[in-house]
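Trainee: Here it is: the structure, laid out below.
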Amino acid sequence: MTTTLQQRSSANVWERFCTWITSTENRIYVGWFGVLMIPTLLAATVCFIIAFVAAPPVDIDGIREPVAGSLIYGNNIISGAVVPSSNAIGLHFYPIWEAASLDEWLYNGGPYQLVIFHFLIGCACYLGRQWELSYRLGMRPWICVAYSAPLASATAVFLIYPIGQGSFSDGMPLGISGTFNFMIVFQAEHNILMHPFHMLGVAGVFGGSLFSAMHGSLVTSSLVRETTEIESQNYGYKFGQEEETYNIVAAHGYFGRLIFQYASFNNSRQLHFFLAAWPVIGIWFTALGVSTMAFNLNGFNFNQSIIDSQGRVINTWADIINRANLGMEVMHERNAHNFPLDLAAGEVAPVALTAPAING
């Protein structure tokens, strides 16, 4: 009899736990995805902060030339970063227990792998948690679909690109100037600015900013007056009110006359779908572009494409970009290569056909 009571009691504890996990009455929804999301994001955050402040230099290129990224080694908020794991590690999984000592793990950039793996798992669980909460509340599932765009971008630069390039040392450093360095080197090696998918991403981000500003300013300019001149317009809205807080007909009429009639949405649902879809689709394409360039399917190359009747090159903007790319490429990892690939792979140009005679 006692055993039966204990089993029922433990079952009740589990049921109460399940109810609490999936309850939408909690101040912050946990959910089953949250059970994995919370510890992974906490681990990534704690490790990132410690490494950003105090990690020793990392041998990122695998040539015994450590690069310092932490604050106590002389960096500031702008120049500091969690430096990617060593090229000597490559794509090997490098947890703490795989290193001979903690010093070796730090020297080879182990914290970078710890942060990005926990971060990506946590972000994927955050997407799942968005779907889970939407499901519990009876909402449509498009919030997590929109979030998939930044998640795809993070996965592209932290996981897909290193896999394609053969080493986590090619992943994006976790810092401000490290991000810029990653972008510059990416342009040098892959000509990303000439890739159509990156162009779509630029259109998505800048267009999304423009449409967001247009929508916000139109709504703010066509609010239904509910207050006096000496009160804030914001007091004219009560949370949960049934009435429209702005006049969509007035906004439609204004914008339709400013541009032309059919440039203005007359359906609020279509408008807000468009505002969500435009940047999301653009960022999807950029993430897809980075993921294909990871395997060296690069941007367009129009270098020396225009020649005159004598076969001489007429320089275009593409040739200027090519020269800039070569300059950026020869400057990065300058001690790791004798020649950058673009310079070493071309045909050999003879410098002198015969040795000069020295008289005297």
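For all residues, glycine too, the Cβ spot is worked out from N, Cα and C.
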Trainee: Swiss-Prot records Ser264, Phe265 as quinone-binding residues. Which of His198, His215 is assigned to the same site?
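Mentor: For quinone, Swiss-Prot names Ser264, Phe265; of His198, His215, the listed one is His215.
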Trainee: Under Swiss-Prot, the annotation transmembrane segment belongs to which of these stretches: 87-108, 197-218?
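Mentor: In Swiss-Prot, the transmembrane segment feature sits at 197-218.
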Trainee: For the transmembrane segment (197-218), which recorded stretch in the set 29-46, 118-133, 142-156, 274-288 gives the largest number of Cβ pairs separated by under 8 Å?
Mentor: 274-288
Trainee: With the quinone site defined by His215, Ser264, Phe265, which remaining residues of that chain have Cβ atoms positioned within 8 Å of the Cβ centroid?
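Mentor: Going along the sequence, the neighbours come out as Met214, Leu218, Ala251, His252, Phe255, Leu271.
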Trainee: Radius 10 Å, atoms counted are CB only; among the recorded positions Tyr126, Tyr161, Phe265, which position scores highest?
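Mentor: Result for the most crowded candidate: Tyr161.
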Trainee: Could you say whether, by DSSP, Ser264 (quinone binding site) belongs to a helix, a strand or a coil region?
Mentor: coil
Trainee: For Glu333 ([CaMn4O5] cluster binding site), what residues in its own chain, 6 or more apart in sequence, show a Cβ-Cβ distance under 8 Å?
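Mentor: When sequence neighbours closer than 6 are ignored, Glu333 ([CaMn4O5] cluster binding site) has Asp61 within Cβ distance under 8 Å.
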Trainee: Suppose we draw a 10 Å sphere around the Cβ of His332 ([CaMn4O5] cluster binding site). How many other Cβ atoms does it contain, all chains included?
Mentor: 15
Trainee: Just the number: how many Å between the Cα atoms of Phe265 (quinone binding site) and His272 (Fe cation binding site)?
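Mentor: Their Cα atoms are separated by 10 Å.
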